[in-house]
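Engineer: Pasting the feature list from Swiss-Prot:
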{"type": "REGION", "residues": "1-21", "note": "region 'Disordered'"}
{"type": "COMPBIAS", "residues": "12-21", "note": "compositional bias 'Basic and acidic residues'"}
{"type": "BINDING", "residues": "C57, C62, C68, S296", "note": "[4Fe-4S] cluster 1 binding site"}
{"type": "DOMAIN", "residues": "69-285", "note": "domain 'Radical SAM core'"}
{"type": "BINDING", "residues": "C83, C87, C90", "note": "[4Fe-4S] cluster 2 binding site"}
Amino acid sequence: MVTVIDTLARPRHPEKANRPETEVLRKPDWIRVKAPGSAGWSQTAEIVRANGLHTVCEEAGCPNIGECWEKKHATFMIMGDTCTRACAFCNVRTGMPEALDQGEPQKVGDAVAKLGLSHVVITSVDRDDLADGGAEHFARTIAAIRKASPGTTIEILTPDFLRKDGALEVVVAARPDVFNHNLETVPAKYLSVRPGARYFHSLRLLQKVKELDGSIFTKSGIMVGLGEERPEVLQLMDDLRSAEVDFITIGQYLQPTRKHHKVERFVTPDEFKAYETVAYAKGFLMVSASPLTRSSHHAGDDFEKLRAARVARLGRS
């Protein structure tokens, strides 16, 4: 995917302008993706454009966009295309966001219905400028999808709602099928990778979802290749299991630009397989670990596996 950006009129990452450029490592042979351009990709793009929507597939430069859009799978990014945070790994535009589009929930619902999605993932930028962090907008979007496409299961990937009292309760009350909030990396890397967030706040957020509604599946993802050590990843798994998180995703960090955090190393497929084995042994219902794993990749298929795993373990869906 190629994104054309008017860097003179509106810099995408103004906070990174004065950062030194970092070394970009050559990608290994196991990181190869299909270029977008199929008929399914074009139809998905047309529906997204017609409804004036944003997708994290495009904004974050996801390597799987060709595969997912060909299948008419898209992860909708609500509340605009501009984030109030400036994470060192992320390609989403940063700055002061515009006012919320109050018609967006309905537009998302309509797009889900037109695409005929059995499962949809809704994410957002961070909106620290809003009193509730966008919680009510999430709830309205979930309700709009339920109305427009009643058979669609809904997965949300939320910000951390840091210092937004009562926000999580609003989102959980809307009853998504899956609540995903990514830890992104191990705690020792937060200051350099995710400086606006707090590791234990994010962990507590996931734990509280289960306390509020135990029927909702919880999910979290991390990137590797940022300089973390294996014991740190294993401890993170233990932390997530202590918070009763059902599903963990582990993928390779890929550097968007030379101004972003560098890739310290490329984790091998065998190492990902080893992480998967350990994660299942620690009690996760579902694990996705591979170089190209992303939070929303194969989300629909993974949801069915997740539901089946809970039935097998607990006797309920």
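Cβ atoms are placed via backbone N, Cα and C, with glycine included.
Mind mapping these onto the model and telling me what they sit next to?
Structural biologist: Around S296 ([4Fe-4S] cluster 1 binding site), a 10 Å sphere centred on its CB holds 28 further CB atoms from the protein chains shown. Under DSSP, S296 ([4Fe-4S] cluster 1 binding site) is assigned to coil, being neither helix nor strand in the three-state scheme.
DSSP classifies C90 ([4Fe-4S] cluster 2 binding site) as coil under the three-state reduction.
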Engineer: Mind giving me a neighbour count for C83 ([4Fe-4S] cluster 2 binding site)? Other Cβ atoms within 10 Å of its Cβ, every protein chain shown.
Structural biologist: 23
Engineer: I want to check the contact list for C87 ([4Fe-4S] cluster 2 binding site): same chain, sequence separation of six or more, C-beta distance under 8 angstroms. What comes out?
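Structural biologist: Non-local contacts for C87 ([4Fe-4S] cluster 2 binding site): E184, V193, R194, P195, G196, A197.
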Engineer: Within 10 Å of the Cβ of C90 ([4Fe-4S] cluster 2 binding site), how many other Cβ atoms are there?
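Structural biologist: Other Cβ atoms within 10 Å of C90 ([4Fe-4S] cluster 2 binding site): 23.
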